């Protein structure tokens, strides 16, 4: 009987790990809650609950929103760099080396093309979100857990020890 109790506990734990809350397209996941997003240039100062809405605060001048909760100081380009884009409340300053044609910042790929009059054109491509990857990974872990649970139950009921002590095991063993 102890293996069955342990197996049930294991299944409950796997179910808890495998269940992920999926928010609607117009919501963001904050902890275990799905909340409406903050406005542009604002950070989360208090997470929503079932009874209250999310509380947002604008980032002060000279900072930009970094993630959902933080305002980060804007980067200052140094003397060996050229400023490509000014810092705003939603995006950091984009700096590039004066003599290079390619550069990158985390999560964003940039390509700078110099023309004869030394103006720059930038193409920006955002990185992909990891939310779908997390959902698929959770589903995979859940399914592997269920398969292991089924295999364990079959092995337990087929064992001689279980057949001798459990009438259910004898019935189950005969049907397989």
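Including glycine, each Cβ sits where the backbone N, Cα and C put it.
Keep in mind it's a predicted model, so treat the numbers as computed, not measured.
Swiss-Prot assigns the feature transmembrane segment to one of the listed ranges (113-133, 134-154), namely 134-154.
Helix, strand and coil counts under DSSP for the repeat 'TNFR-Cys 1' (22-56) come to 0 helix, 13 strand, 22 coil. Within the model, the repeat 'TNFR-Cys 1' (22-56) carries an average pLDDT of 85. In this structure, residue 71 (disulfide bond) is part of a beta strand by DSSP. Rounded to a whole number, the C-alpha distance linking residue 23 (disulfide bond) with residue 48 (disulfide bond) is 13 angstrom.
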